[in-house]
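Chemist: Structure in C-alpha cells, see below.
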Amino acid sequence: MHEREHSVDTIRQSGQMFGKFEKLLVANRGEIAIRVFRTAHELSMRTVAIFSFEDRLSMHRYKADEAYQIGTPNVYTPVGAYLAQDEIIRIAKLRGVTMIHPGYGFLAENAEFARKVEEAGITFIGPTPDVIEKMGDKTKARELAIQCGVPVVPGSPGPISTLEEAQAFIDEYGYPIIIKAAMGGGGRGMRVVRDADSLPSSFERAKSEALSAFGDGTVFLERFLDKPRHIEVQLLADGKGNVIHLFERDCSVQRRHQKVVEVAPAVNLDVSIRDAILEDAVKLAKAAHYRNAGTAEFLVDLEGRHYFIEINPRIQVEHTITEEITGVDIVAAQIHIAGGSLISDLNLTQERINTQGFAIQCRITTEDPAQNFQPDTGKIEVYRSAGGNGVRLDGGAGYVGAVITPHYDSLLVKCTCWAETYEITRRKILRALVEFRIRGVKTNIPFLQRLLTHDTFMKGNSWTTFIDDTPDLFRLVESKNRAQKILKYLGDIVVNGSSIKGQIGEPVFKGEILYPEIRSLAGPEPVDVRVPPEHGWRHILIEKGPEAFAKAVREYNGVLIMDTTWRDAHQSLLATRVRTADLLNIAPHTAHALANAYSLEMWGGATFDVAMRFLYEDPWDRLTKLRALVPNIPFQMLLRGANAVGYTSYPDNVIYDFCQKAKDNGMDIFRIFDSLNYVENLKLGIDAVKKAGGVVEAAICYTGDVSNPKKNKHNLEYYLNLTEQLVDLGIHVLGIKDMAGLLKPDATKLLVGSIRQKWPDLPIHVHTHDTAGTGVASMLAAAAAGADVVDLAIDSLSGITSQPSMGAVVSALEHTDIGTGIRLEDVHALNGYWEQARKLYSCFESGVLSADSSVYAHEMPGGQYTNLMFQASQLGLGKRWNEIKKAYSEANKLCGDIVKVTPSSKVVGDLAQFMVTNKLSYQDVISRAKTLDFPTSVVEFFQGYLGQPYGGFPEPLRTNIIRDLPRIEGRPGATLKPLDLSKLKSELVSKYGRSIRDVDVTSAAIYPKVFAGYREILEKYGEVSIIPTRYFLAKPEIGEEFSIKLEEGVTLIVKYLAVGPPNTSTGKREVYFELNGEARAVGVLDTSAAVEHIQREKANPGNPGEIGAPMSGVVVEVRAQEGAEIKAGDPICVLSAMKMETVVSSTVSGKIEYVAVKESDSLSAGDLVVRIVKV
C-alpha cells in the first residue's frame, strides 16, 4: 500500500472532526480572519482568505490555505471590496467553500448577506438572517427588550429620519442624547449631542457615517447617561433554543464610542446587578430565537440600574478575554453550532461554565494619542512583541515591513493578559506593553500605559466617558525609540556622509583607542581610576568657600596649572569639535593624573553653542556627566560678562539665571571677561557669579605690548587701572587673558610683576596662546614673576594657536621651588590618549603647521586664527589668507584699535573678510562707509551693542556706518526688559513636551534658533552623543560590527550590512543593519539624488538698480516684496555665512521689479538679489 506524503494536510486530516464542513472562508480581513483560521485549522478544516487589492500584502492572506483577490484593481474601493457580497459568494462557490464566517464589521451584521450565503448552499456561521435583521436593527431590539420586561434607556420608538423627529424626542426627554446607527456598531454612526447648536451637524454626520460603514443610514436616538458603565454579556445559543452565557465583560473604557480596554469579569460590580444582567441577557436571546454567538450590551448608571442597549449578532473584538476566564473557544463553538451541534454536545451547559481569574485586553492601534488619536500610516520598521506566561496576542499587521494604510481600521494587535487577580493582570499587561517595540508608525501604547496606571482604572471604577473626562490621561509616557533613531543617523552617514559643518574627509584613525595607566603615588601599581581620588583643590572650595579657596591658592608655594585641553585647546586647533564622549573616556584618568590642578577648563565660550549647533549634543549634559567623573578638580568656564556664553547682550535676569544653573550643575570657577574690557559689562557677570556662589575670576583681556613704549593705548598704566577697578569689585582671582599670544616674556614679567607688587594677596592666573611660539617662555616668566596659575594644554593639543605645552612647563619647573605638583609621567600618560584621540578629529585640522610671529602685527586671537581660516575657506577666500591677515590689522584700526576677543574679535574678523571679498582698502571703507552694507556684527558694534570701547568709537566712521540706527550709550543690556522665563518654559513644553528642563529654558533664552535646531536633530536622531566618534563622523565598513552604549547595562551591537539603490520616486535608499543580531532597515533620503543645480543671475555692476549679494552666504530672511516701493537704505534681505550675518540694503530708491532670492537660497558674492526700477 502506497504511504501518503507527510504534510500539513495529512496532519490536519488525522484529527478531522467535520464531515462535509471541511472548507471555511472568512469574509473579513486582519486579526479576526487570522483568529478564525487558527481555530478552523485546529478543527482540521481548510481555509480560504479573501483580500482587496490594497490588502494584497496583508498577513491574513498568508495564514489561510488559499487566498483570492476580490475583483480586479480599481473595481472596488478598499472597503467596498469587503462589502461586495455577490463577488465574495462567487469566490466561495467557485472554490468549494462550505462555511463562511463573517468576523466582525463589514458584512457581519448584514442580514441580506447571510441570506445570500444560505441561498447559495453555504453555511453561514452566525445567527439566522431574520435574527440578524431583528437584532441588528437597534430599534427592533429595543422593542423586543420592552416586550420581555428588560429595562431600556429612554429612546425613540423607531428610526429617526428627520431633524424634526429628533427635536420631538428631545422636547420630551431633553439633552444630552446620543444618535446611533440602527444597523451597526463599533462606534461608527454615533454622536453625543449636548445642545441644540450641535444637533444638525451631529445628526447629518451620524447618518453619513452609518451609510458609509454599514450601507444603511438609518439612525435612532437615546437619552444619554452620564458616567455609566458599559457591561456586556457573551452569549452562545444553538439551533434548538438552548442559550447559555459566558459571563460578563466590562467595556467601559472607550473613546469615540469605540472600546479601548476591556476587562472580564467586571470589577466592583455588585453580584445582584451582575445576576440581573446575565438573566436579562439570556431572556432576550431566547425571546429572539437567537443562534450562535452574540453579545447583549447594557449600561449601568451611577445608581446601579442597568439598561439594555443592543445585541450584537456577531463575535466581538473583545471575545478573547471571555475565552481566557472561561476556557471556552468561542470561535470553535460558533463553527460547531453552525454545523448543527447542540450546546450540550459541546459539554457547554450553564452549570459547567465558571470563571477563573481576570483578563484584560488592550487594543494596540496605529494612532497618535498626542495628536488626538490621529491614525498614522507608514511602514513598520521594527516590530518586537510581548510574550510569556498569561500573555495572548491576536494580530494581523504586526510584522517588520508591514505597510499601514489609511484604508482600514487602525487596530494593529490585541494584547490579552490573564492572571488570578485583577491587580496581577493589570501589572502583567503593563509589563507586556513595555515589552512591545513598534517603530515606523505611531501607536497608542504610551496612552494605554498611562491609562493602566491611572488611579481610576487601578481601582476598577472606569465609565464610558472616562477618557474624555480625564485630560490627565494625556500626560503620556514618551517612547524613546532610541535604537531606531540612532540607526537613522548611521544610515544618513552611510548615504549622505557627515553633516557636521567644517568636516573635510574622514578621521584617519580607525582603530580602538588605548587607555593609559596612572601609577599610584605610593608604588608602581596602577590606580583604579574608577575610584575618585581623595586629593583635589575642589575639596577646599566645597568645604570652605570661594574666599578660602582663593587664599589657599595664593598661599601655595608652587605654581598651579589649568588644563585647557577640554575647551580652549580643541577650540583653537580642532574648531571646537571634540565631543563629550571622548572627554568622558579620559575623565577618570584625568581626575587622578591632574589631581593637583587648579582647574580644568571645560565649558563656556564657543563650546556651549557648538555642542548644540554642530555636535548635536547638550552642553549641560557635558557639564553634569564630567562633574560626576571628576569630583576633585575645580571646573572652570569662560563667561562673556553681560553676554554669558552668547554673542550679544541679554536681559540681566538671563545672566543671573545662567550663572546660578551653571554653578548648580557643577561649575566652580567663572573666568569673567568682556570683549572690550568694559567694566560695566564685567560688573554684571561678577555680581551674577557672586550671587551664584562661584569663584569670581575676573579677567583683563590683553592686547598690544606693555613692553613697547610706542604702543601707548593699552599700556601698563591702562592694565593697572583696570585691575584696580576689578579688585574694588571684590573679585577672588585676577585673570590675565592673552587671547592672541601677544604676551612676550619680558612683557609678562613687567605686567605680572607690577600687579603682584601692588596687590600681593591677589591670586593671578595667566592665559596665553602659543601662536608665535613664545608661550612656554612667557608662562615660565609669569611663574617667576609671581603668577599663581598658568594655562597649559596637554602636549599633543598644545602649541601653535593653542596653549603652551603642559609637559614642557611641568618639566621645566619640576625641580624648582615653584613646581606644579603634577608628575611628568602622568602628563605623558594622558598625552598618549590625546595623541590617538586627535587623529579622530583629523578632519577638522586647520592646516596650521607652524608658529606664526605675524600675530604681533595682526593681533588675531589664537582661537579665531584657525576658525577664521576655516571660515575664509568656506567663503571661497582660502587662497587669500595672507590678505585677510593684513585686512584684519586694518579692520582693527578702523574699529579704533580695540581689545579683540569673542565677540569683539568676530567684529574685526567679519570686517576683514568683508573688505577682502569686496576688495576694499582701509581708505575705501573710510570714504564709502555711508553706502556700504556692512556685516551685522560690525554695524551693531558701532551702535554700541557690545559696550563702549576704551577711547570711544572713531568718528565720523561710526556715524557713517550706523546712519539713522539708534546709538547705545552705556551697558547695552541695562535697558532690556527681563525675559519671562516661566512663559518661555511653558512655550517650550508646549512645543517639545514635558522633557524640557530648566536648563533647556536657559539654552533657549541664550540661543533660541540654535536650541530649536538641536531639538529638531534630537527628535529625528535621538541622543547621538553616545555614538562613538569614529561612526559619528564616518560610515562603518560593510560587515563591521561595533557597540553603542545606551545606558549602564544596555548596549546596542550594530553591524552595517548594505545600502540599496535609490528609489526613483522618493529619492530614498534602504540601509540595512543588524541590531543585536536582528535585521533592521532604515529609509534615508539620498540628498545627492535631489540636488537642484541653479545657475544664478549676477547683478550688473553698471546698473545701480540691480542689488547683488555683498558676500557668499545663505538667505535667512527676505524683507523685500515685488511691486513694493523702497528707499535707499531700506533692508532687502539678511545673509548668513558661518555665524556672520549681513543685512543687504538698497542703494537706490524706486520700485522692486524682481526679487531673485528666497529663504534658504545659497548665494555667491555678486549674485542678483533684487532689481529696482525708478518710479
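Each residue's number is its place along the chain shown, starting with 1.
Cβ atoms here come from the backbone N, Cα and C positions, even for glycine.
TrEMBL lists K138, E222, H257 with the feature ATP binding site. The feature Mn(2+) binding site is assigned by TrEMBL to D568, K737, H767, H769. Per TrEMBL, substrate binding site is recorded for R640, T902. If you look up TrEMBL, you'll see 20-472 marked as domain 'Biotin carboxylation'. The annotation domain 'ATP-grasp' is assigned in TrEMBL to 142-339. The domain 'Pyruvate carboxyltransferase' feature in TrEMBL is assigned to 559-828. The domain 'Lipoyl-binding' feature in TrEMBL is assigned to 1098-1173. Residues annotated as N6-carboxylysine in TrEMBL: K737. Sequence annotations record features per position, and here TrEMBL assigns N6-biotinyllysine to K1139.
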Chemist: Mind telling me which of the binding-site residues K138, H257, R640, K737, H769 has the densest Cβ neighbourhood, counting other Cβ atoms within 10 Å?
Modeler: H769
Chemist: Whole number in angstrom, please: the longest C-alpha to C-alpha distance across K138, E222, H257 for ATP.
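Modeler: Those residues reach a largest Cα separation of 16 Å.
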Chemist: For the C-alpha pair, I'd like the distance in angstrom between H257 (ATP binding site) and H767 (Mn(2+) binding site), rounded off.
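Modeler: Roughly 70 Å, rounded to the nearest whole number.
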Chemist: Kindly report the helix/strand/coil residue split of the domain 'Lipoyl-binding' (1098-1173) according to DSSP, in that order.
Modeler: 0 helix, 40 strand, 36 coil
Chemist: Distance between H767 (Mn(2+) binding site) and T902 (substrate binding site) at the Cα atoms, whole Å?
Modeler: 15
Chemist: Using the CB centroid of K138, E222, H257 as the ATP site centre, which other residues of the same chain sit with their CB within 8 A?
Modeler: I178, I179, K180, A181, M190, F220, I309, E310
Chemist: In Å, rounded, how far does the Cα of K737 (Mn(2+) binding site) sit from the Cα of T902 (substrate binding site)?
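Modeler: A Cα-Cα distance of 12 Å.
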Chemist: Based on Cα distances to R640 (substrate binding site), point out the closest of the binding-site residues K138, E222, D568, H769.
Modeler: D568
Chemist: Over all shown protein chains, what is the count of other CB atoms within 10 A of the CB belonging to E222 (ATP binding site)?
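Modeler: The Cβ of E222 (ATP binding site) has 22 Cβ neighbours within 10 Å.
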Chemist: Averaged over the whole of the domain 'ATP-grasp' (142-339), what is the pLDDT?
Modeler: 91
Chemist: D568, H767, T902: which of these binding-site residues has the sparsest Cβ neighbourhood within 10 Å?
Modeler: T902
Chemist: H769 (Mn(2+) binding site) to T902 (substrate binding site): how many Å between their Cα atoms?
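Modeler: Here the two Cα atoms lie 15 Å apart.
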Chemist: Rounded to a whole angstrom, what is the C-alpha distance between E222 (ATP binding site) and T902 (substrate binding site)?
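Modeler: About 73 Å separates the two Cα atoms.
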